[in-house]
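Only one structure is covered here, and it is reproduced in the block below.
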Amino acid sequence: MGNKQTIFTDEQLDAYQDCTFFTRKEILRLHGRYHELAPHLVPMDYTNEPDCKLPLALIVDMPELKENPFRNRIVESFSEDGMGNLSFNEFVDMFSVLSETAPRELKAIYAFKIYDFNVDNYLCKEDLEKTLNRLTKEELTPEEVDLVCEKTIDEADLDGDNKLSYSDFENMISRAPDFLSTFHIRI
Amino acid sequence: NQLIAEQSRTDELADAFDLQEELDNRDRGIQFEMHLVLIPPGRNRGAIISQYYNKTLRLRRRRQSKPQVRDFSRSSRPSIRGYGLQADTTDSEDREDRKQEQLVNNLQKMSVADRERMLREMPLSKPCFMFRVVYLQALKQRLYIRLTFIPSLQLWKVSLKKVSGRFGSGVLSYFLFLRILLFFNIFLFLVMSAFLVVPQALYPPEPPANRSSFSGLELLTGAGYFSDSLMYYGYYHNDTLKMSCKNSTQEECEAKSPSYNMPLAYFFTIGMAFFITCIILVYSMSKSFGQSFKIDKSRSALAIKTFCSWDFRVTKKSSVKLMSENISTQLKVLTNTPLKPLSQKLKRFALQFLSWIVCITVTIGCVVGIYYFSEYRHGQRCSLVGEVSLLDLPVLVSVINLLLSFLFALCLEEYTSPSVRTYVALGRNLVLKVSVLGVLCYHWLGHICWETFVGQELYRFLIVDFIFTLLDTLFGELIWRLLYDKIFKKKRKPEFNIAKNVLDLIYGQSLAWLGVLFTPLLPAVQILKLFLLFYIKMSSVMMNCQAPRKPYRVTQMTTIFITLLCFPSFLGASVCVTYTMWSIKPSESCGPFRGLDTMFQAGKRWMHQMEDQNPKLSLLTKAHLYLVENPFFLFVGAGIFLIGIYFHSQVIDGQRQIIALLQKHIKNVGHLPVCMHSSLFGLIGAPDVPFILMNLVDLLLFLRRERIKSS
């Protein structure tokens with residue numbers, strides 16, 4: 001039913017459906033969005049799995065990400081090389097995790113990665129400072145930023161090492177009922 | 001496998017990334033584990049990692065039949081490549097046991113100091129276990145999507161995305177709520193039309209002699225041409241409907257034609273519709289309550305504000321700027337909360353008390369006024385001027401609702417916390433609307449063919465409420481914006497008051513539920529109204545409003561709204577309907593229940609008829625007599641229900657205490673530089689216990705031992 005598409009094989013679409021939270025139609029639509037970011041780079045035929053990656057600058061220009069202060073970190077967390085170059089698989093994965101039906105634990109994992117600016121698997125004070133500055137667009141004075149960082153670490157740090165490990169972060173997220181609804185990008 | 005063999009031979013540490021690559025080829029799920037586990041330089045780190053992998057591999061294979069394709073690492077989508085690779089199946093059990101032995105050997109060969117260091121740096125969390133939970137949950141979610149709600153979730157998708165992009169999740173929740181109400185009404189409408197309207201439409205009774213012709217006023221008042229139509233209760237036949245026979249004789253006709261017992265159908269359709277709506281409401285309420293309920297009272301408000309307050313859905317530049325300002329204001333408030341002196345607190349408390357007294361007095365005054373006004377109009381019914389005057393009671397009620405909601409909003413200044421303000425405003429409006437509706441319900445029962453009259457009144461109330469919502473949108477939003485633009489010349493636009501609008505929606509839906517018994521076509525009117533309301537509100541919000549300045553906790557507010565929809569609104573309506581069906585005598589001259597003592601008797605009469613025709617069903621009738629009609633059964637059922645709720649709340653209390661205790665222990669452990677070899681060996685022997693719980697239980701035992709030793 002519907003028109004026969006030639007972008008993906010049926011096995012590929014099935015695999016995508018299993019691995020993400022999207023339906024077939026949405027995956028094809030995502031491919032359309034990916035393609036229109038760079039029509040000359042992205043092939044229309046993905047049946048032989050071409051190795052095509054789009055650079056960070058193109059991805060963060062999407063209207064859904066353009067005004068987000070964490071857009072660079074979001075794209076970097078989902079890229080294999082850590083530099084923000086996304087293949088189509090990674091692109092789909094990014095929006096799948098950020099979709100409405102992704103479970104809380106999965107979102108918590110990626111939220112942790114996004115806020116971990118220096119990629120050391122801990123949210124240390126510098127990470128928190130950078131997060132706050134991006135959240136408030138530098139409206140807080142440095143003293144206030146310092147105070148907020150200290151209080152945050154004080155509240156959330158359970159094992160007393162002055163930085164937030166993943167378990168501290170997850171513990172805190174589990175107490176925030178709004179996390180699921182705010183950590184969501186609709187595409 | 002090779003690597004682990006190497007390790008046992010050389011006791012050298014394998015580089016974590018080498019191990020990672022090997023595991024890469026076997027199972028992708030562990031990759032994230034590698035990134036998260038703090039990998040200290042030290043010996044036999046790889047042994048621990050392999051052990052994690054083996055344990056989770058066993059757990060995973062036990063629960064799932066599909067190969068693992070999810071991938072959580074930075075290289076997030078080579079899972080297509082990995083899809084063809086299956087997890088090891090057949091002879092891996094032997095390999096597992098061998099690996100375990102090797103691991104145990106490894107660990108025993110380690111020096112004490114090494115073991116200590118490694119165990120100290122071992123993380124307590126368990127992402128691999130979580131991996132399995134996440135995959136199962138993901139399966140459940142996908143199943144949910146593919147079930148029944150696909151077409152309904154697609155309605156208005158583009159508009160909703162635009163709204164959320166500009167205004168955030170708060171305003172979006174209003175429109176989502178509207179959509180939910182629309183689906184409830186569509187369901188009611190389908191049920192009603194299938195079982196009541198269509199059969200009656202096929203067998204219309206003779207029209208009465210003095211039927212008035214159609215004039216446009218009927219759409220507003222619901223009287224006139226509509227009084228004797230399918231819309232109202234009075235039209236419905238009180239006996240079995242049969243096809244008229246022209247060609248055959250009387251006996252053949254009665255034997256062959258299908259018959260439709262209208263009173264029974266009416267009774268059961270209403271009952272079933274309410275029952276199914278109740279189930280759906282309670283289910284969605286419990287689901288949403290589960291999402292927003294926090295067992296542990298929040299101590300980390302600042303941390304949550306830092307990490308969870310940014311709404312990723314907002315895409316418009318000006319809204320993003322507003323959101324940043326919002327967040328910085330809230331952060332400042334959270335960090336500087338000065339202590340208030342006692343005298344100020346007392347003064348504040350006195351003001352709050354006073355404002356409550358004022359609001360309640362005004363509410364009581366208005367309710368009494370409405371009661372006397374409706375009595376006066378009832379007395380004057382004979383000398384009514386025209387049909388338009390039928391509208392005066394609904395208009396009065398709507399005006400009072402509007403004015404008093406403004407008054408209540410003004411009396412809110414002494415509450416500082418925005419969430420408390422919202423709750424207080426909601427509470428006051430709720431008290432007003434419930435009391436007004438209650439008084440009106442009490443008053444309506446004294447007319448001839450009162451059911452049709454009540455149906456008409458509710459129809460009028462619904463229409464007038466819709467008109468007033470439109471007027472409120474016009475004046476509240478459009479005119480204010482023009483005023484700001486032209487006269488005050490400010491950049492600000494009015495804000496969309498989410499709580500008030502949702503409460504209006506709930507009020508309209510309560511009217512619809514109250515009226516369904518008397519006006520089977522009322523859900524259709526409500527559907528039209530909601531449809532129009534969506535488009536009008538959407539365009540008004542886009543043109544006239546700005547994003548909210550105050551913080552809005554979406555999940556909590558959504559839970560509150562669904563609870564309000566269920567408890568005062570639906571429960572009140574169903575209590576009224578049940579009372580009407582159970583104890584009030586239906587009017588003699590119209591409707592499907594004329595001649596009976598109560599509407600409920602239709603069901604009883606049918607049971608007796610069935611018993612007469614078929615004596616074997618006497619068991620059923622006896623069950624009906626003792627269970628349904630006997631209040632004792634209901635009391636016992638309610639008692640059991642309450643006991644169950646009490647037990648559950650005690651369990652939650654206990655869990656709260658355990659959580660507090662465990663958190664204290666985690667804090668203590670973080671400061672202890674002691675080894676924990678018991679926990680590691682405990683792990684190897686118990687594959688079925690969740691890893692983190694095991695760790696913590698061992699922790700507790702160990703600490704207790706240490707305390708005993710030290711004391």
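From the backbone N, Cα and C atoms, a Cβ is placed for every residue, glycine too.
If you look up TrEMBL, you'll see B:449-553 marked as domain 'TMC'. In the predicted model, the domain 'TMC' (B:449-553) shows an average pLDDT of 85.
Look at TrEMBL and you will find B:62-100 tagged as region 'Disordered'.
The transmembrane segment feature in TrEMBL is assigned to B:171-198 (among others). Residues of the same chain lying 6 or more positions beyond the ends of the transmembrane segment (B:171-198) and with a Cβ under 8 Å from any Cβ of it are 152, 155-156, 159-160, 163-164, 230, 236, 265-266, 269, 272-273, 276-277, 280, 284, 313, 496, 498, 501-502, 505, 509, 512, 516, 520-521, 523-524, 526-527, 530-531, 533-534, 537-538, 541, 545, 547-548, 554, 557-558, 561, 565.
TrEMBL lists B:264-284 (among others) with the feature transmembrane segment.
Here the transmembrane segment (B:349-373) has long-range neighbours at 393, 396-397, 400, 404, 407-408, 411-412, 414-415, 428, 431-432, 435-436, 439-440, 443, meaning same-chain residues at least 6 beyond its ends whose C-beta is under 8 angstroms from one of its own. The annotation transmembrane segment is assigned in TrEMBL to B:349-373 (among others).
Within its own chain, the transmembrane segment (B:393-412) has Cβ neighbours under 8 Å at 355, 358-359, 362-363, 366, 370, 373-374, 377, 421, 424-425, 428-429, 432-433, 436, 440, 457, 460-461, 463-465, 467-468, 472, 500, 507, counting only residues six or more beyond its boundaries. According to TrEMBL, the transmembrane segment annotation covers B:393-412 (among others).
Residues 359-360, 363-364, 366-367, 370-371, 374-375, 378, 397, 400-401, 404-405, 408-409, 412, 415, 453-454, 457, 499-500, 503, 507, 510-511, 514, 560, 564, 568, 572, 576, 584 of the same chain, all 6+ positions outside the transmembrane segment (B:424-446), place their C-beta atoms under 8 angstroms from a C-beta of that stretch. According to TrEMBL, the transmembrane segment annotation covers B:424-446 (among others).
Here TrEMBL flags B:458-483 (among others) as transmembrane segment.
What TrEMBL lists as transmembrane segment is B:511-536 (among others).
Residues or ranges marked as transmembrane segment by TrEMBL: B:556-579 (among others). Below 8 angstroms of C-beta separation, residues 170, 173, 176-177, 181, 270, 274, 277-278, 281-282, 284-285, 288-289, 291-292, 419, 422-423, 426, 430, 434, 437, 441, 498-499, 502-503, 506-507, 509-510, 513-514, 516-517 of the same chain, each at least six residues beyond the ends of the transmembrane segment (B:556-579), sit close to that stretch.
Annotation source TrEMBL lists transmembrane segment at B:625-647 (among others).
TrEMBL lists B:680-703 (among others) with the feature transmembrane segment.
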Count the CB pairs under 8 A between the transmembrane segment (B:511-536) and each of B:264-284, B:458-483, B:625-647, then give me the winner.
B:458-483
What same-chain residues lie close to the transmembrane segment (B:625-647): Cβ under 8 Å, and 6 or more beyond its ends?
604
If you run through the domain 'TMC' (B:449-553) with DSSP, how many residues end up as helix, strand and coil?
80 helix, 2 strand, 23 coil
Could you give the residue numbers and ranges of same-chain residues that sit at least 6 residues beyond the transmembrane segment (B:264-284) on either side and whose C-beta is under 8 angstroms from one of its C-beta atoms?
180, 184, 187-188, 191-192, 195-196, 199, 236, 513, 516-517, 562, 565-566, 570, 574, 577, 581, 592-593, 599-600, 602-603, 606
